[in-house]
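Straight from TrEMBL, the features:
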type	residues	note
BINDING	GLY167, LEU191, SER199	S-adenosyl-L-methionine binding site
DOMAIN	71-211	domain 'tRNA/rRNA methyltransferase SpoU type'
REGION	1-20	region 'Disordered'
Amino acid sequence: MTNEAKHNPQSTPNPANPETKVEKMFEYGYRKSNYGPDELVTDAHGNPISVVDAMLSAEKAAATETVTPHLCYYSPRIPGNTGSAIRLCAVTGTILHLVEPLGFNLRDTKLRRAGLDYHDMAHVVLHPNFDNLVESMPNSRIIAFTAHATKLYTEVEYKPTDILLFGPEPGDIPDPMDIMEGPHVAEQVRLPMRPSLRSLNLTNCASIAIYEAWRQLGFKGGA
């Protein structure tokens, strides 16, 4: 530790310090110039929230920071694909979100086999529905991958806070009016392929997307 750090307690931010918590609150999109413990700020959607709740929400978001965007499987049906996604997320430092209903039990042997011994190394979050995913990450941009999009996945500038959303197999994300065209989806993108063929394997698509995003972010955290 340098002499400056010894004599200047402000040189190293203390996560428990109220000022540090307020800075983190502002970093995650909450705004107000004058604040107190009982005053209100607004979240990314313009909804009022107390400063204390905003601080807690920002702390929760900070705990799920990654060097790659988050990966979300909406109602996956095939356990082997999800097992492969767990392995993918473990080796890239990606958080995997699974939105129920699932087409299998999380203790399924095919899921365990596809994930090898990476299950304990991956961060997997289970959501009872799509709204729960949105509410848990209010300041994240959702990018939906669908064969019906016109924009290529390489035309997006990815951020670590993004959520890359994939639908179940086979087919695209269900309830297109509620999800694909909903207010929470910021982008719809596709992977190019020969027009005579229908689709790639789900986790193959996810791997391409995650590695493109990680490449744009400089493979931070990789070796």
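Numbering starts at 1 and runs along the chain as it is shown here.
Using the three backbone atoms N, Cα and C, a Cβ is placed for every residue, glycine included.
Those TrEMBL annotations? Automatic predictions, nothing curated.
Within the same chain, residues at least six positions away from LEU191 (S-adenosyl-L-methionine binding site) with a Cβ under 8 Å of its Cβ are PHE145, LEU152, TYR153, LEU200, CYS205, ILE208, ALA209. When the Cα positions of GLY167, LEU191, SER199 are compared pair by pair, the longest gap among these S-adenosyl-L-methionine-binding residues is 14 Å. Sequence-distant neighbours of SER199 (S-adenosyl-L-methionine binding site) (same chain, six or more apart, CB under 8 Å from its CB) are ALA147, PRO170, MET193, CYS205, listed in sequence order.
With helix defined as DSSP H, G or I and strand as E or B, the domain 'tRNA/rRNA methyltransferase SpoU type' (71-211) counts 44 helix, 30 strand, 67 coil. Taken as a whole, the domain 'tRNA/rRNA methyltransferase SpoU type' (71-211) shows an average pLDDT of 86 in this prediction.
Around the Cβ of GLY167 (S-adenosyl-L-methionine binding site), 25 further Cβ atoms fall within 10 Å across all displayed protein chains.
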